[in-house]
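Novice: Sharing a structure with you now.
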Ligand code: GDP
Ligand code: ZN
């Protein structure tokens, strides 16, 4: 048996990357009976059927650490959330929405602000907001080749998705990280940027720096379906340490008097910007839920 990772699935075949190369595999019939569908990203064991033609069979699937729906990939461990400093101007409420989705999927999060060469003074504040919340923030410029190595460090040894709106420079950044990326994906802008957001097939690409990246951006739907009013606050990690709020676990940190989170917003320990995003999302969830009942 050979250990490997499924990096692509196509018409019932799974392409498994192993230390002895790539194998085209079928899945054992038992998986279908158990209603288990192998997923891109799965860590598997295969038996070799035909070494010459690199054909095998997926025998076992390791338990998944994470399982993304869009794109459908198992065992992603990190989300690199990408927004531009300028052109387009960052929509922070959208950024916070990406964070909520990534937190919900239990991914490690790094926030990248691209196009720092265009900065006209807003970058410092952006970095401050998200560092204060507890995130690692990396400003980069693909144009001027700044901090590309720092992003590579984040990729090394991890399976990551890039997430963020189109036009912020995700494909430009990936091209800087790995010069052969364009060859691997064909038309990059079509793949990771515009146009392929509705894709149902995802593929993992191995990068020279030792990371693995999804060829489609993460969280193509940012709907808040299924998130409970009480649950949202868990995804604003800077609220965590105030969870001993006088109102206990029932506090949604909104209209409750003497709420510790509100106090922290007042005295600047929590960013107002982030708190307002939270309230906005909270209201959206309520409206959704009231329509449902
Ligand atoms: P994507 O849709 O997120 O993949 O974004 P692209 O990589 O296609 O980039 C969108 C536009 O932003 C392109 O015109 C890029 O040339 C430009 N761009 C990307 N990165 C930078 C950067 O670091 N600085 C500047 N000034 N422009 C950039
Ligand atoms: Zn509270």
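Cβ coordinates are placed from backbone N, Cα and C, and glycine is handled just like the others.
The GTP binding site annotation in TrEMBL covers 114, 115, 116, 117, 164, 165, 166, 167, 168, 169, 170, 171, 172. What TrEMBL records for 245, 251, 253, 259 is Zn(2+) binding site. Per TrEMBL, the feature domain 'CP-type G' maps to 65-222. The feature domain 'EngC GTPase' is assigned by TrEMBL to 74-220.
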Novice: For residue 172 (GTP binding site), identify the closest of the binding-site residues 251, 253, 259, judging by Cα separation.
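Specialist: Considering only the listed binding-site residues, the nearest one is 253.
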Novice: Between the binding-site residues 114, 166, where is the Cβ count within 10 Å the lowest?
Specialist: 166
Novice: Can you figure out which of 251, 253, 259 (the binding-site residues) comes closest in space to residue 170 (GTP binding site), comparing Cα atoms?
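Specialist: Its closest listed neighbour, by Cα, is 253.
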Novice: How do the residues of the domain 'EngC GTPase' (74-220) split into helix, strand and coil according to DSSP?
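Specialist: Counts, helix then strand then coil: 54 helix, 33 strand, 60 coil.
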Novice: Which one is closest to residue 164 (GTP binding site) in space, judged by CA to CA distance, out of the binding-site residues 251, 253, 259?
Specialist: 253
Novice: Compared by Cα position, which of the binding-site residues 251, 253, 259 is the closest one to residue 168 (GTP binding site)?
Specialist: 253
Novice: So if I take the binding-site residues (168, 170, 251, 253) and measure from each Cβ to the nearest atom of ligand 1, which come out below 6 Å?
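Specialist: Correct list: 168, 170.
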Novice: Would you mind sorting out which binding-site residues among 114, 116, 164 put a C-beta under 6 angstroms from ligand 2?
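Specialist: List returned for ligand 2: none.
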Novice: Give me the CA-CA distance between residue 166 (GTP binding site) and residue 253 (Zn(2+) binding site), in Å, as a whole number.
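Specialist: On Cα coordinates alone, these residues lie 33 Å apart.
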Novice: When the Cα-Cα distance from residue 116 (GTP binding site) is computed for each of the binding-site residues 251, 253, 259, which gives the smallest value?
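Specialist: Among 251, 253, 259, 253.
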Novice: Please tell me which one of the binding-site residues listed here (251, 253, 259) sits closest to residue 114 (GTP binding site), measuring Cα to Cα?
Specialist: 253
